[in-house]
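Here is the structure we will look at, set down as structure tokens.
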Amino acid sequence: MLCQDVHRFGQKLVRRRLLEPREGFERPKAGHLNTLDLVALGVGSTLGAGVYILVGEVAVYEAGPATVICFFAAGLSTILSGLCYAELAAWVPRPGSAYLYSYATMGQLCAFIIGWNLILSFVMATACEARAWSYAFDSLIGNRISQAFQETFSLHVPYFLATYVDFFAFVLVLLLTGLLVLGLQESVMLNKVFAFLNLAILIFIIVSGFIKGDLHNWNLTEQDYTLNTSAPTDTSSLGPLGAGGFTPFGIEGILHGIATCVYAFDGFDVIATTGVEARNPQLSIPISIVVTIFICFLVYVGGSAALTLMVPYYQIHPESLLPQAFLGVGWGPLRCVLAALTICALSSSLLGTMFPMFRVIYTMAEDGLLFRRLAQIHARTRTAIWTILASGSLAAVMALLLELTDLADLMSTGTLLDYSLVAFSALVLRYQPEQNLSQNETAEEEIDIPQLEARPLQSVPEAENSRILKTLWFPPSTIPTRKSGRIVYGCAFLLVLLLMVLSLILALLTSRVFSGLSVYMTVAVLLLLIIGVTVIIWRQPQNPSPLHCKVLYWPILPLVSIFVNVYLMMQMNTRTWVQFGLWMGIGSAVYFGFGIRHSLGENDDQQPPASSPHMLDGNIPGDESS
């Protein structure tokens, strides 16, 4: 009886969502978005606080001129994840988000974890953009807002919160939340205009940086720092020198900087969530994701190089990054213009972040994994009021209380976990037999979880061991079977555990927590095990279905992506892990206390609320100009 209960519970965790239209589903109008439109949406949502504020934070406190390396490595990591994301999107015959893709292919538990972390990423991104908007506006008016808040509240704020509570960012998010409740709609044309304006500004900044830059700023010494501190100017805002040179804060600073910079590349998921209006979503969504990441990769690397060449890293003002940098090279008249353009770019990125946040929550509530009230549509405004109010209020509180770097670290942790799960899903899916994602199947046919039977212990004959090893190395079939699919599931899960242990050991080794021959022997053994299990996966037959986006070097690429993401997660500080653990604890309570019992698969007699074209699958209504 206990074994049967465990089996039924396991089947609930891996239940897949069907992709057939549900009762009350209102099909959106014919797709009108091309690949360029989707790229503009992705670039507009991605290029925001990361390039206008975070570059300065990482340069001053974590990496110095090596910020270029941080963005380069974070970009490569995101490209790997984006390729896995693109293949996973190509498997699913309907646009959506990583939540929908994983629900249709991997099952409910994996989908909930991804969806819950998507909510975290979007909430933290909204709070980051609001904080960055507040910094830019405050710089434009002479830092009066921050000075007033610091004088009033800074002495009463606990050490683990921001140095001052930012009521301006708090009010900004609430104001936009109110406008969205009233039915504010996203405009593809406006997003496209802001995206191209944003790129034009950043290209100008990159070119200006290389023209006015000085290579000596990548090799600063203590003597340079002393000259700046003894100059008859205000030196109270100078950052730390570190060890000087190109890597003033060492390898640890670079590694933590890479993990933080992952935040800057988050935003391409908006392409999937708004791709329902694409003319050819299975082709345009993967291409748009890869192109968006590549464009942002070039902009971030070029922008960080230009900035650190223009200004010594310890003189950078993160809250007023570009205006102060141009003031330092003698282009002061551009200061106000750049501040105003920064606000415009951040406004576009802020709105671009808020729309997909609501869509993910709405879809999860519609599926029954979150509270049903969040999927209710107001009759007059045709918006999901409770979803908008809940997520907007949470983002406003985060913007009020947390520093931008803390928000970015927390968001990066959730994003890296999502990237790892997406890579795992894509890895496993390539080796599964053909699945009909819009046809009902029994639970046992979805993902087979063998029932446990109590059997007496007996020795396995050597012939049986030999047959099992032969099956692993020389599969009897050239196409995936349920058995080969289960082998890949087990091996992939084992690989993830091995990669987690290896990442932890390497992180502690880098931090010099321990060292010695035994540590290196352990790493060598782990590498041998990882190589052996990887070869077993490689030997299994792959699904021959043609895809618009099929990644090469399989299964190496997704495994490298998982390892890099997990290793970067290990670079986060204790405060970030405590905050992330609290968020995941709340998510576990929601899922096991409510979601697993109220999901649509569990309650087939319950119909979801009628879906609104304003919210479902990222539809962008009301844009006649596009």
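Along the chain as shown, the residues are counted starting at 1.
Just so it is clear, glycine is given a Cβ too, placed from its N, Cα and C backbone atoms.
Note on TrEMBL: of 405-423, 576-594, the range annotated with the feature transmembrane segment is 576-594. Same-chain residues lying 6+ beyond the ends of the transmembrane segment (159-181) with a Cβ under 8 Å from its Cβ atoms: 126-127, 130-131, 133-134, 137-138, 145-146, 149-150, 153, 350-351, 354, 358, 381, 383, 385, 388-389, 392-393, 395-397, 399-403, 406, 575.
Within its own chain, the transmembrane segment (35-54) is flanked in space by residues 128-129, 131-132, 135-136, 188, 191-192, 194-196, 198-199, 202, 260-261, 263-268, 270-271, 274-275, 278, 284-285, 287-289, 291-292, 295-296, 299-300, 303, 318-319, 321-322, 342, 345-346, 348-350, 352-353, 356, 404-405, 408, 626, which lie at least six positions past its ends and keep a Cβ under 8 Å from the stretch.
With a threshold of 8 Å between CB atoms, the same-chain residues lying at least 6 positions outside the transmembrane segment (288-314) that come near it are 35, 38-39, 42-43, 46-47, 50-51, 55-56, 58-60, 64-65, 67-68, 70-72, 74-76, 78-79, 82-83, 85-86, 89, 199, 202-203, 205-210, 212-215, 217-218, 220, 224-225, 228, 238-241, 248, 261, 264-265, 267-268, 271-272, 275, 321, 324-326, 328-329, 549. The transmembrane segment (487-511) makes no contact with the transmembrane segment (66-86), as judged by fewer than three Cβ pairs under 8 Å among residues 6 or more apart in sequence.
Relative to the transmembrane segment (98-119), the listed stretch 337-362 leads the set 66-86, 337-362, 517-539, 551-570 in CB pairs under 8 A.
The stretches the transmembrane segment (66-86) and the transmembrane segment (517-539) are not in mutual contact, being linked by fewer than three Cβ pairs under 8 Å (pairs 6 or more apart in sequence).
Residues 427, 431, 472-475, 487-488, 491-492, 494-495, 498-499, 501-502, 505-506, 509, 555-556, 559 of the same chain sit 6 or more residues outside the transmembrane segment (517-539) yet have a Cβ under 8 Å from a Cβ within it. Here the domain 'Cationic amino acid transporter C-terminal' (555-599) is broken down by DSSP into helix, strand and coil counts: 39 helix, 0 strand, 6 coil.
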